[in-house]
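Provided herewith is a single structure, encoded as structure tokens, for subsequent inquiry.
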Amino acid sequence: MTNTGLVQSFSQIEPNVLGLETSVTSQICEGLNRALASFQVLYLQYQKHHFTVQGAEFYSLHEFFEDSYGSVKDHVHDLGERLNGLGGVPVAHPLKLAELTCFAIEEDGVFNCRTMLEHDLAAEQAILSLLRRLTAQVESLGDRATRYLLEGILLKTEERAYHIAHFLAPDSLKLA
């Protein structure tokens, strides 16, 4: 594949109309791409769990996984739009996604419900840690709008994490 027609390389940060210097936005875009990659990988993981979940709690988990990948898809959209607005290029190449994601990518295969949820919780917790660091970083760099965006995503990510914790309560998802 050739790069004919390439207008901006992934590592290139263009000037923006938001009044933020590229010395600032380059740091912000790097962090946002880590978050974007992590959410794109998590989207695929939730979608796989939605497709493959089985067992006594099928319906509630099937719906939860669908709601979760829908919410994560919204985060992907918002982060990608913000990256573009800041003059960056949203990450999309599968190998780059794997490189930038902040959590261990689940292996291929079908897992039992408890294991699926444990993998999802570990991913959400890693993303929460990343989001908290990014929120502090963008605030220190003077980008309040990105901070506001990240805080909204942080709240929704926390909510998914504690919902997963409820599914993992000791009296649920027992093996027969």
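Glycine residues also receive a Cβ, built from the backbone N, Cα and C atoms like all the rest.
This is the feature table in Swiss-Prot:
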BINDING   His50, Asp78, Glu81  Fe cation 1 binding site
BINDING   Glu81  Fe cation 2 binding site
Taking the Cβ of His50 (Fe cation 1 binding site) as centre, how many other Cβ atoms lie within 10 Å?
19
At 10 angstroms around each C-beta, which of the binding-site residues Asp78, Glu81 has the fewest other C-beta atoms nearby?
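Relative to the other binding-site residues in Asp78, Glu81, Glu81 has the fewest Cβ atoms within 10 Å.
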